[in-house]
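Working notes, structure below.
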Amino acid sequence: MRLSTTVRRAYSSAIYLNPSRAKDAAVCTTPTITHVQRQQLDSALRVDQAGEIAANYIYMGQMSVLGRNRALRPLIQEMWDQEKKHLEVMDKLQVQHRVRPTLLSDVAKVAGFGLGAVTALMGKEAAMACTEAVETVIGEHYDDQLKEMESLPSEHPSIPLLRDVIREFRDDELEHLDIAVDNDAQRAPAHALLSSIVGTGCKVAIELCKRI
């Protein structure tokens, strides 16, 4: 799976960051689809963009507390850098497909930073447990989206590309989950309770951002 992820990265999200490809139909047009399909696409991209905003601020909160930790800083920075790229691509997808951003963007920023900072203040293990819980939910969410997107018309070039971008980002998030587990996430005090609270919060946020 890691090899296929590496290959996918070479031709999916990278196209959105390449100015020479800005006029490609796959990155500058949106398909003509039914009202129901349009609602589905709008909802998916709205919540994905909001999720990447929140993820950026979670890592910002973690870095504000744990940034002096020589062992953790490069790990957090690596994950944060990937989330910055995710958000940049999601912003371009939002414009391309003419999706209204969520009205909860500012809430996502505040809540994300607070979650990252508070769990980091609880210790390295709690910060990693937060990452583990968030990325578990996001990985499952992206899997669900890929199933839902099977109904979208593959003949329009933007749709296969979108599916590849979602797969790429899902794999990135699952890598973050693995990093968190490898760095003692499951040794956090009250790990199960903390994971349940964070995971439930993420699921509620996803449902709200789909609609608002």
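The backbone N, Cα and C atoms fix where each Cβ goes, and this holds for glycine too.
Residues near GLU83 (Fe cation 1 binding site) in space but far in sequence (CB under 8 A, at least 6 apart, same chain), listed by position: GLU52, ALA55, ASN56, TYR59. The Fe cation 1 binding site annotation in TrEMBL covers GLU52, GLU83, HIS86, GLU173.
Residues annotated as Fe cation 2 binding site in TrEMBL: GLU83, GLU135, GLU173, HIS176.
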Other than GLU52, GLU83, HIS86, GLU173 themselves, what residues in this chain have Cβ atoms within 8 Å of the centroid of the Fe cation 1 site's Cβ atoms? GLY51, ALA55, ASN56, GLN82, LYS85, LEU87, MET90, ILE138, PHE169, ASP172
In whole Å, how far does the CA atom of HIS86 (Fe cation 1 binding site) lie from that of GLU135 (Fe cation 2 binding site)? 14
Whole-number Å only: compute the distance from the Cα of GLU135 (Fe cation 2 binding site) to the Cα of GLU173 (Fe cation 1 binding site). 6
Other same-chain residues whose Cβ falls within 8 Å of the Cβ centroid of GLU83, GLU135, GLU173, HIS176, the recorded Fe cation 2 site, in sequence order: ALA55, MET79, GLN82, THR131, VAL134, ILE138, GLY139, ASP172, LEU174, GLU175, LEU177
